[in-house]
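**Student:** What TrEMBL lists as domain 'NADH:quinone oxidoreductase/Mrp antiporter transmembrane' is 23-287. Marked as transmembrane segment by TrEMBL: 60-80, 92-115, 151-170, 177-195, 201-218, 239-256, 276-293. For 289-342, the entry in TrEMBL reads domain 'NADH dehydrogenase subunit 2 C-terminal'.
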Amino acid sequence: MNPYILAILLFGLGLGTTLTFASSHWLLAWMGLEINTLAIIPLMSQHHHPRAVEATTKYFLTQATAAAMLLFASTTNAWLTGQWDIQQMTHPLPTTMIILALALKIGLAPMHSWLPEVLQGLDLTTGLIMSTWQKLAPFALLLQIHPSNPTTLIILGITSTLVGGWGGLNQTQLRKILAYSSIAHLGWMTLVLQFSPSLALLNLIVYFIMTFSTFLVFKLNKTTNINSLAISWTKAPMLMALTPLILLSLGGLPPFTGFMPKWLILQELTKQSLPLLATFAALTALLSLYFYLRLCYAMTLTISPNNLTGTAPWRFSSPQLTLPLAISMSGTILLLPLTPSISALLSF
């Protein structure tokens, strides 16, 4: 892609998200989301592959539906209450509609079906933008809505953690696995959104760090399925030795960074007298952990002299910078000891 066009599209992505962040009026927030969607569509379809075009079409239709729903709900709210302000959502009907529209935007279950299909049709760089940056604007709006009854968010959250774990179990494509991982992590954030917004934000940041390093590892090795992951140890043995640690961090195992938000969220849910919800969320995390362990098994226990699970491709040196990967990998593996400091910051 022409670098000038690429720069304009990336600027559009940044502008759309910033506009939504800065807005207190629903129309302005909607406009930011639309700019965001329209900026990423050319990035998604830049390879002119049938799967990329299919993914782009699915994404456009989904986002257009969610945007129309959001606009309709905000207009209904203005009609019922006379308020366009984002933080003045008092009527339950438009509030629920807006929560569902934003859930469709970011891919929360049960409105998640488009996310694995779309992510599977994209290259890893655009997939990374889709899994991280595109979640920011809708999540910022979810943080600003304070529904009087948190039941909708709790149902969306617990369904997402369950579907995110269940859906990834029989997948062999890495991008689909990462899509279900994204659904599960967003479910955890939505669960705690009503009780501790700062904790949900912490979970989002940690998820971004972990997903960033995972996508960069797969991009460096040019791997898109489990079979090609199983034979990538020949190219970068040191990196492949560290990658299981990233995946276990994504699964939320101690002593890695991914354990921190899960630990704090379970603690917060217990404080809110929701022990059954906390127990169920912890059990659904085991489902996600299973498919991360499958990836770890493929990377570490299928190496020579065992039978190879795929044919070895040509190994060209990658032009990708390794510094961003080194920084994000350190963040993914080593930040757990900072938990007391972070929880002290969150309590202010």
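A Cβ is built for glycine as well, from the same backbone N, Cα and C atoms used for every other residue.
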**Student:** Short question: which residues 6 or more past the ends of the transmembrane segment (60-80) have a Cβ under 8 Å from it?
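**Tutor:** Distal contacts: 26-27, 30, 33-34, 37, 41, 89, 91, 93-95, 97-98, 100-102, 104-105, 114, 118.
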**Student:** Can you give the mean pLDDT for the domain 'NADH dehydrogenase subunit 2 C-terminal' (289-342), rounded to a whole number?
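**Tutor:** Value for the domain 'NADH dehydrogenase subunit 2 C-terminal' (289-342), mean pLDDT as a whole number: 83.
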